[in-house]
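Heads up, the thing below is written out as structure tokens.
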């Protein structure tokens, strides 16, 4: 009877310790999600409103380039997800879906990384050109367009850093749910493997 009470008390103490450890991470997680929203929205706004007209070379818009369109869509999706996760963070039932939050944070970080890479490549080609395929740089003619695109990519990168940190925090929260094997269980398993009877204290 005492053994059962002791194991229950130990489990309760372990659970209380988990709550104490996780509390600061909850605050950091909320702060990162709040920061990610304006960064992603600003990236969308900066890119979606980006256009410039040149008397000689005509008009260029973000929608003319697939890498920029991809960045806009991904940032819009991650901003919406961040808002939803902030609103749901106050609900107790959300802890049941920690695995889902973990996977969504990982997916958001990956998508932001791919969108940053795609858009950064377009910006680089616009600024430097590609001599191997005889592409000239265009930022000397569309400087304002290139500048706004660069700002949008930088904001996207900042949102990416937020989600990279969120991925680590959500992973920590998920995997701390698993208790390490107790000493008594380890002794019992070892005794069974050696074929010896288990003597309980």
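Any Cβ shown, glycine's included, is placed from N, Cα and C.
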Compare the topological domain names that Swiss-Prot gives for residue 49 and for residue 142, and report whether both residues sit on the same side of the membrane. yes
Between the ranges 71-91, 176-196, Swiss-Prot assigns transmembrane segment to 71-91
Please identify the stretch among 27-47, 71-91, 99-119 with the greatest number of Cβ pairs below 8 Å relative to the transmembrane segment (149-169). 27-47
I'm checking region-level scores; what's the whole-number mean pLDDT for the topological domain 'Cytoplasmic' (170-201)? 60
